[in-house]
Structures are given as structure tokens and as C-alpha cells.
Amino acid sequence: MIYAGILAGGIGSRMGNVPLPKQFLDLDGKPILVHTVEKFLLTSEFDKIFIATPQKWISHTKDTLRKHHITDDRIEVVQGGSDRNETIMNIISAAEKENGISDDDVIITHDAVRPFLTRRIIKENIESVLKYGAVDTVITATDTIITSADGDSIQSIPVRSEMYQGQTPQSFNVNLLRNSYNDLSDEDKQIMTDACKILVVAGKQVKLVMGELYNIKITTPYDLKVANSIIKGGMLSD
């Protein structure tokens, strides 16, 4: 089975004084979440598309999908967790409850507030995760990256040609991710916010798929303005 897991657990705190979580904010006439879901619906390979959202927003999510005529039987809205990785585990649990989990099942996880992913990115994630078991979507870093442990002085300046910026989707063999997550201590689960890092720490190979510069995550008012400009400027591709 090939699962999609759309992570809509954010509350939009960096958006400022807004009445709704950021995934429900309007982008060119419809909620950001709807743009994202529509991209996944174009991919016939998905057997199931899970949308994970806070419990208090489940009804609103379902109403939003109905309002925008999204009625595909593959979609299921489930309750998210207290953090990103717990949310992914909740999706996996929902999938297991319905169908069980087999050794070759994979999940393509994606931020609900990255509405500009392309069919190419999805397709390459599916192909790569089926072959390698773990995939991250990235773009090359264009700015010099600086590390600083104390936030006051430079600790190191890595070679820029070896630096990448992480995006989503992040895609995994379900059992590989779940087993690696379950092997973590409770303390590590609290501090390890990136699913790919779980596998890297476990010594597993994570392959790279190239993303797109415009595959942005909309988390601030500035991001929302940029997103509207991307649409109006016709910068998108398939």
C-alpha cells in the first residue's frame, strides 16, 4: 500500500492574530489545505490519503473539504499528535487499523502548508521510497550556512556545496520508520522533531529527491504574500 500523510497539525502561532490555523487561511480563493490535498488527489498511486489535524479542528477540516467538493473515498481525516512524529505515528496506526501493515507499505508525508509541490516531486518520492526505504526532499543551499552553538559567535561554516535545505515530502517504508521511532528513548522523541533524522541517527540511508525553490512552507504573513505572488506570477510547473 502507498499512503499519503498530510500533516495539518499547526496552530499558526507565527501568523499573528488570525482566527484559524494557517492551513485554513485563504490562498487565491481557497484554503491552503485544499490546494495541497488537490495535488495528492492527482496521484492515482495513493491507496489512502490521511489528513492529520488537531482534534478540535477535525470537523472543520471535513467541512472545508466538503465545501470545496473534495469527496474522494481515499481521504480520511484523523487526529494528529502532540508533535510531528507522533502525528505520523497516529496516521500509521490508523492505516494499520484499517488494512494492517505489510513489509512493503510506504508513506509519503507532507506539510499541509506546502501547497506548491509538484507531480514530479510526488512521483520521485514514491519511486525512491519503494526502492530505498527513506527519502527526503531538498533543494541546494544558496546562502552560506553558519553554525553557532551559543547564538553569539560562529562555530563553523560548512562547505556550501554540501549543504541542502530540507522540504517535504519526506517518505518512508512504514515499518522502517516505526521501528526506528520505537527504538528512541522518550527523551530523544521529545527533541528529535525531524522524521528523517530518526533514520539518520539509526544509521539508515536516506536518499535525496530534489524539490523546487517555490515549494515553500507558509508559516508567516510574509510567506502568504510570497505564495500569492507565486500563483499570480505563473511560476508553477507540474
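Positions of Cβ are set from backbone N, Cα and C atoms, glycine also.
GLY81 (CTP binding site) falls within neither a helix nor a strand when secondary structure is assigned with DSSP, and so counts as coil. Per Swiss-Prot, the feature CTP binding site maps to LEU7, ALA8, GLY9, GLY10, GLY81, SER82, ASP83, ARG84, ASN85, GLU86, THR87; the stated evidence is sequence analysis.
Taken from Swiss-Prot, the feature site 'Transition state stabilizer' covers ARG14 (among others).
Residues or ranges marked as site 'Transition state stabilizer' in Swiss-Prot: LYS22 (among others). LYS22 (site 'Transition state stabilizer') falls within a helix when secondary structure is assigned with DSSP.
According to Swiss-Prot, the feature site 'Positions ribitol 5-phosphate for the nucleophilic attack' maps to ARG160 (among others), an assignment based on sequence analysis. For ARG160 (site 'Positions ribitol 5-phosphate for the nucleophilic attack'), the same-chain residues that are 6 or more apart in sequence and have a Cβ closer than 8 Å to its Cβ are ALA141, ASP143, THR144, ILE145.
For LYS217 (site 'Positions ribitol 5-phosphate for the nucleophilic attack'), applying a Cβ distance below 8 Å and a minimum sequence separation of six or more within one chain yields ASP111, VAL113, ARG114, GLN167, THR168, ASP223. Per Swiss-Prot, site 'Positions ribitol 5-phosphate for the nucleophilic attack' is recorded for LYS217 (among others).
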Considering the binding-site residues GLY9, GLY81, which residue's Cβ sits among the greatest number of other Cβ atoms within 10 Å? GLY9
Which residues in the same chain, at least 6 apart in sequence, have a Cβ under 8 Å from the Cβ of LEU7 (CTP binding site)? ALA52, GLY80, ARG84, THR87, ILE88, THR109, HIS110, ASP111, ALA112
Distance from LYS22 (site 'Transition state stabilizer') back to ASN85 (CTP binding site), taken between C-alpha atoms, in Å: 19
